[in-house]
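Trainee: This structure is in structure tokens; I'll ask about it shortly.
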Amino acid sequence: WWDERVSARFRRNLQPTLTYWSVFFSFGLCIAFLGPTLLDLRCQTQSSLSQITWVFFSQQFCLLLGSCLGGVFKRTLAQSLLALFASSLAISLVFAIIPLCHNVVLLAVVMAVAGLAMGCIDTISNMQLVKIYQKDSAIFLQALHFFVGFGALLSPLIADPFLSDTNCILANGTANASSNLPHIRKSLLPHHPGNLSRYDLPMKGMVVTRVSYAFWIMALINLPVPIAVFFLLYKERMVPCFSGSSHPLLSADELALETRPGDKDELSTAAQRPHTASGHEDLFSCCQSKNFQGASFTYFAVHITGALVLFMTDGIVGEYSGFVYSYAVEEPLAVVHKVAGYLPSLFWGFITLGRLISIPVSYRMKPATMVFINVVGVLITFLLLLIFSSSVVFLFVGTASLGLFLSSTFPSMLAYTEDILQYKGCATTVLVTGAGIGEMVLQLLVGSIIHDRGSYSFLVCGMIFGCLAFTFYTLLVFFHRMYPKPSPELDEASPDKAAVPEDTGQYQR
């Protein structure tokens, strides 16, 4: 179902594409293990519930920081691949080191390193796939985000057999806490231990936990990822001892297959001028005044509205997965703890399924259409969840539906926004950063609102965020129609320049 041009480009870029997909698997593996293992890590570090939740914050904050700075390594392909190699190797080392962390501060520092590595992976992998495939990038971005969902599903499954069934610090008077351990595990969130202080969880005693084996298994599973990046570095002659070697060029047949009539002049001109990393810088470089010279109002509006859509939708992912369990066990639903525990897994499972379905769908459907379906679907789902708020069955149906609609929002929005800006703006960095801020901020905001207003406000907040996402998407479409069309008369240095992309289909250095 691919045309020959896209298929040929994929075959020529097979190794780098598979490498970026595998690195995003590493990202997913690292992002989802902390929640289920946090109680065992509390025992390992002999810390309180409020202390251990700071480990969540250190990872999330440094992930956001890494996303902002990730564009620094985009200036050359060598820098990008070396950063990905260091980041994926750091994640394997983090998995191996976590069992050796017996102090909560040390554990927070290690998770901060993991967050920085994850942020770099997030920005660089998205950027490189957009750079390789450009107008054909939507389908490959959908596949990329399927791999993060697959990794996020796999790590809790690996950890589950090694989690403690009873309190992992043996001390007197812990029977009440031990019987409620699954409930405590599902209720732990960043800075929101909630009303869990009523449970007596000792901080001193003999530590009995086998969670170390889970981390060592994940370290081994992740080890092929930095190896794959190293092989790509080797192939591209970017390993230091091969740095003087020449880069292999496309054969005449391959170049002729990719080149369309009328593009030859542009391609020859592009080949003669040196490659520069215009746009796609880190967030701070994007904000330099030299990048704003000659830019129109719509140039900024597209960046901002695109980031705000993802701020809301990724924020919904964070707050819904974090609080749906707490909402289900409270009145009026009062779902038993064991049944409610399936809701976050159902949500993430349908996010992964939706990303898998979106791979072929994105080839036939425009990214703008997919984003419209996503935000409208999220809005309708929250409306129905509010109407049938007393139905346990519809809570499960709505959770699955929400996962499907949210699944492809990020890659579709990234492809749509980059297409508007002709791959010359800072869309990837701005969108990744906006999504990261939304996931962190909205989770904290909703937790505070639920604490003050009750569990029903959980769905009201989701409905408000869905309405805001739809509003910002409508504004994005409006600014898209106002955005200047490609014109050869535009100044070369202008951020609004919509020059013909260097669309040779080869893997650019």
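Every residue, even glycine, has its Cβ placed from backbone N, Cα and C.
Reproduced below are the annotations present in TrEMBL:
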type     : residues : note
REGION   : 487-509  : region 'Disordered'
TRANSMEM : 18-39    : transmembrane segment
TRANSMEM : 51-73    : transmembrane segment
TRANSMEM : 80-98    : transmembrane segment
TRANSMEM : 104-125  : transmembrane segment
TRANSMEM : 137-158  : transmembrane segment
TRANSMEM : 213-234  : transmembrane segment
TRANSMEM : 297-317  : transmembrane segment
TRANSMEM : 339-357  : transmembrane segment
TRANSMEM : 369-388  : transmembrane segment
TRANSMEM : 428-450  : transmembrane segment
TRANSMEM : 456-479  : transmembrane segment
Trainee: Report yes or no: does the transmembrane segment (80-98) come within contact of the transmembrane segment (428-450), defined as 3 or more CB pairs under 8 Å with a sequence separation of 6 or more?
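Mentor: By the criterion, they do not touch.
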Trainee: Which sequence-distant residues neighbour the transmembrane segment (213-234)? Criterion: at least 6 residues beyond either end, Cβ under 8 Å.
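Mentor: Answer is 15-16, 18-19, 22-23, 25-26, 29-30, 33, 37, 78, 81-82, 84-85, 88-89, 91-93, 95-96, 98-99, 154-155, 158-159, 161-163, 242.
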Trainee: Which one, 18-39, 51-73, 369-388, 428-450, 456-479, has the most C-beta pairs under 8 Å toward the transmembrane segment (104-125)?
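Mentor: It is 51-73 that shares the most Cβ pairs under 8 Å with the transmembrane segment (104-125).
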Trainee: At a C-beta cut-off of under 8 Å, are there same-chain residues at least 6 beyond the transmembrane segment (297-317) that contact it? List them, or none.
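Mentor: Same-chain residues near the transmembrane segment (297-317) but 6 or more away: 351, 371, 374-375, 378, 402, 406, 409-410, 413, 416-417, 420-421, 425-427, 430-431, 433-439, 441-443, 462, 465-466, 468-469, 472-473, 475-476, 479-480, 482-484, 495-496.
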Trainee: Against which stretches of its own chain does the transmembrane segment (369-388) lie, if we need a Cβ under 8 Å and a gap of at least six residues from its ends?
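Mentor: Same-chain contacts beyond the flanks: 309, 313, 316, 358, 361-362, 394-395, 398, 401-402, 404-406, 408-409, 412-413, 416, 459-460, 462-463, 466-467, 469-470, 473.
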Trainee: Taking a Cβ cut-off under 8 Å, which residues six or more beyond the ends of the transmembrane segment (18-39) line up next to it in the same chain?
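Mentor: For the transmembrane segment (18-39), the far contacts come to 52-53, 55-56, 59, 63, 84, 87-88, 91, 94-95, 111, 114, 117-118, 121-122, 125, 128-129, 143-145, 147-156, 158-160, 163-164, 168, 181, 184-185, 188, 211, 214-215, 218, 221-222, 224-225, 228-229, 231-232, 348.
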